[in-house]
Structure formats: C-alpha cells, structure tokens
Amino acid sequence: MAKTYDYLFKLLLIGDSGVGKTCVLFRFSEDAFNSTFISTIGIDFKIRTIELDGKRIKLQIWDTAGQERFRTITTAYYRGAMGIMLVYDITNEKSFDNIRNWIRNIEEHASADVEKMILGNKCDVNDKRQVSKERGEKLALDYGIKFMETSAKANINVENAFFTLARDIKAKMDKKLEGNSPQGSNQGVKITPDQQKRSSFFRCVLL
C-alpha cells in the first residue's frame, strides 16, 4: 500500500498534570474540547496529517502523564521525539516554575537537536492568571526557544503552535538533506542560523 504522507514527525507534549496537555492535543487532532478529561495514565497518542509547502506531514503526537510516578515510563519516549511542547497553566504558578525541570528532563533524555516550544495554556482564563505573558516570553528567551499562549477551550493558537513546530522540524530536516556531505550534515543543525530564525519569530509573534 502506498504511503499517504511525505514525512512522519513524532511530537511530545510534556508538563505538569492538569495543565491541559490532553485538551490541547484533542483540540488539534479532533477540533474538540472536553473539560472532563481525567489525567492521562502513562502515555497516549493521536495522529493528524497536515500539509506544509506542498508536502503531507503525518504528526504522531504523544501525550504524557505529568505525575512523578509515571516519569520513568514517559522519559523513554523523549529519545525519538523530533519536537517537544512544554505546557504550563497560566493560572498555576507552580506549573510554570516546573518548566525548568521539564527542560532538564529534555536535556537528559531527548536528542540534542530536538525542536522545543513553550506553551502557556488556558489563556482564556485571564481573571485567574498567575503568570504574565511577559514572564513566559522571558523564560523562552532565556532558553532560546519559541513561546505561545494557547487556549484549548477557546481554540486560541493551538493550530498555530503545532504548525510552527512542524515547520521548524521540516526546515531543519531540509537543511540536513541539502548538506549531505560529511561537513554539510553537521552544519545543518548549526546554532547560529537557528537563533536568527528564533529572534525573527519573536519580533513577529510576541507583540
């Protein structure tokens, strides 16, 4: 049977329990919202195929449990991930503070050149906000990664976040393919052009 896609990208959603990872995933994969999801047990995944630059990209998106007791299971899935979304809840200060711990997990268990993005979820609940957008932006800048505020409930920026991450992964892959020589393959993941790309993103998105 012929393949129905040109690329397969494995993505991972990580963050504390209750920040809305499952809701973000369902909004993107099913265009649906359910406020009564129970906490993910272990790990689950959804698939959605999107089109970018005339190519069909199959996104396999893994939703991980945020509880400490599942940490050993979920970190095993970091290794093959090409993109990781770190999710916190803007109404929960602790979930934001823990993003640094989640980044340490990525550094320990994931590929060195994995694409990352921080999502401040539940931005529709502004009256209960504990974490300002500026703090989210600063944290992302500290680590040199992208940031967006999202709402699975109000369908704000969810689609944009996944498409942006997929586009960055594809750009990195294309760059590696272009430089298929021994020197070129290493240069495909140079830090400098990536940082330039990120800085231009912030000028456009974080206004």
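Glycine too: its Cβ is placed from the backbone N, Cα and C atoms.
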- Query: In Swiss-Prot, which of 63-80, 99-116, 189-206 is tagged motif 'Switch 2'?
  - Reply: 63-80
- Item | Residues flagged as motif 'Switch 1' in Swiss-Prot, choosing from 1-15, 31-45, 151-165 | 31-45
- Message: Going by Swiss-Prot alone, which of Ser132, Ser185 is annotated as phosphoserine?
- Response: Ser185
- Quick tally, other C-beta within 10 angstroms, Ser17, Lys122; top of the binding-site residues is Lys122
- Query: Mean pLDDT for the motif 'Switch 2' (63-80), as a whole number?
  - Reply: 71
